[in-house]
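Working notes, beginning with the structure itself.
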Amino acid sequence: MITVLVLNAGSSSLKASLYRLAPEIGATAVRPPAPLWQGLLDWGQNPTVARLKVTTANQHYEANLTHPEGGIAGLRDWLKSLLDTLTSGQTKLLENLAEITIIGHRVVHGGSRYQAPVRVDAQVKAAISELSEYAPLHNPANLLGMELMADICPQTPQVAVFDTAFHAQLPAVARTYAIPYELTTAGIQRYGFHGISHQYVSERAATLLQRPLAELHLITCHLGNGCSLTAVKGGVSVETTMGFTPTAGVMMGTRCGDIDPGILLYLLRRGWTVAELDRLVNRQSGLLGVSGVSNDLRQILAAIDQGNPQAQLAYDCFIYSLQRGIASLLPALGRLDGLVFTAGIGENAPGVRRDICRGLGWLGIELDSTANEKGQGDRNIALPTAPVSVLVVQTQEDWAIARACGQLLSLPISS
């Protein structure tokens, strides 16, 4: 058995999970096990105070951690405190951190050079740093997580698993923007994101449908605060809605998705700065911007119940954006065997699933209202007679990263 620690390091939070698995499980396991331990550090409200939460099968622990400086020094101390809960106290699972066989990291942007998980070395770190220009909110935090873990567990190998890797085989017509080609060759192209999630749920969908993934044409819908849709043909991503950055595509919680680029030129001419435009498209738009209420769909639905017309408009725009996004992926597939919903909204908002599917009846989509509203777990919520399956699948990105680590360890090490 191997012990895998999975880290998802962000700019204001860090999530971690611990799994034990046999090396060959990466290629054979279908239904993911629950993590043995889950940890969270959240310093989003105050850069000098982190909220620590740890959960195991039968224990839960919370604490507030403070550091006078915050920043990297604070995170280093907080991460050590988080990992201490693995080796001491009521959540203890390990005698020492040396029992961790391998550490897997989610990395948002791998550009065009990383099409599979890789062992982290100096060259990989340098590349992730270079790609920070493409993902300034994510890659630096991902890289910092690697650096800190190298200090804490210097003998433990680390693996980078890239969110862009699943989309690395996008055909040229899907990844190329209609801009001068020298810009394309300079790296400005559609990369796609949420790939770890899209790949996992497409594989899980094939298991639920009891059909080979190689013969399925699926659209996977990762709907959370960030949203993206992907056309998966025979297990390969052939089109996706996010692009050069995670700002593109469908309407999201705070991101605008696709808009006329002339809007940004117009605002630049009116004196807006690049930083202001960045905040506009990434933090002030989407459901939050249109509703004026929140990026949280639950609060928008509550506002709708209170008769707020702006909240209703935001919801309607969101549903329409997703319907249009789904339809836009059909040419890449030719036919549709299954529509897959995942992530926070996709898994937990039956009303959203219902309203999206209401506009897609022409595709052969017919929901079983009972399965949609009251069903639990991974399931098919389409009517048995419907020609297109509609699946709800709980995304398991941490497990997918752990599995990738297991697969990498089972490969022979080249000299």
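In case you wondered, yes, glycine gets a Cβ from its N, Cα and C as well.
As annotated by Swiss-Prot, active site, proton donor/acceptor applies to ASP163, with the evidence given as sequence analysis. Under the heading Mg(2+) binding site, Swiss-Prot lists ASN8, GLU397. According to Swiss-Prot, the ATP binding site annotation covers LYS15, HIS222, LEU223, GLY224, ASN225, GLY226, ASP296, LEU297, ARG298, GLY344, ILE345, GLY346, GLU347, ASN348, on the basis of sequence analysis. Residues or ranges marked as substrate binding site in Swiss-Prot: ARG106. Per Swiss-Prot, site 'Transition state stabilizer' is recorded for HIS194, ARG255, and the stated evidence type is sequence analysis.
Where Swiss-Prot records a feature, it is marked here on the structure.
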{"residue": "ASN8", "record": "Mg(2+) binding site", "contacts (Cβ under 8 Å, 6+ apart)": "LEU14, LYS15, ALA16, HIS105, ARG106, GLU397, ASP398"}
{"residue": "ASP163", "record": "active site, proton donor/acceptor", "contacts (Cβ under 8 Å, 6+ apart)": "ARG106, VAL107, VAL108, HIS109, GLY110, PHE193, HIS194, GLY195, ILE196"}
{"residue": "ASN225", "record": "ATP binding site", "contacts (Cβ under 8 Å, 6+ apart)": "MET252, GLY253, THR254, ASN295, GLY344"}
{"residue": "ARG255", "record": "site 'Transition state stabilizer'", "contacts (Cβ under 8 Å, 6+ apart)": "GLY226, PRO246, THR247, VAL281, ASN282, SER285, GLY286"}
{"residue": "ASP296", "record": "ATP binding site", "contacts (Cβ under 8 Å, 6+ apart)": "GLY253"}
{"residue": "ILE345", "record": "ATP binding site", "contacts (Cβ under 8 Å, 6+ apart)": "LEU223, GLY224, CYS227, LEU297, VAL352"}
{"residue": "GLU347", "record": "ATP binding site", "contacts (Cβ under 8 Å, 6+ apart)": "PHE341, VAL392, VAL393, GLN394, THR395"}
Site extent for ATP (largest Cα pair distance over LYS15, HIS222, LEU223, GLY224, ASN225, GLY226, ASP296, LEU297, ARG298, GLY344, ILE345, GLY346, GLU347, ASN348, Å): 23
Of LYS15, ARG106, HIS194, ARG298 (the recorded positions), the residue whose Cβ has the fewest other Cβ atoms within 10 Å: ARG298
LEU223 (ATP binding site), number of other Cβ atoms within 10 Å: 27
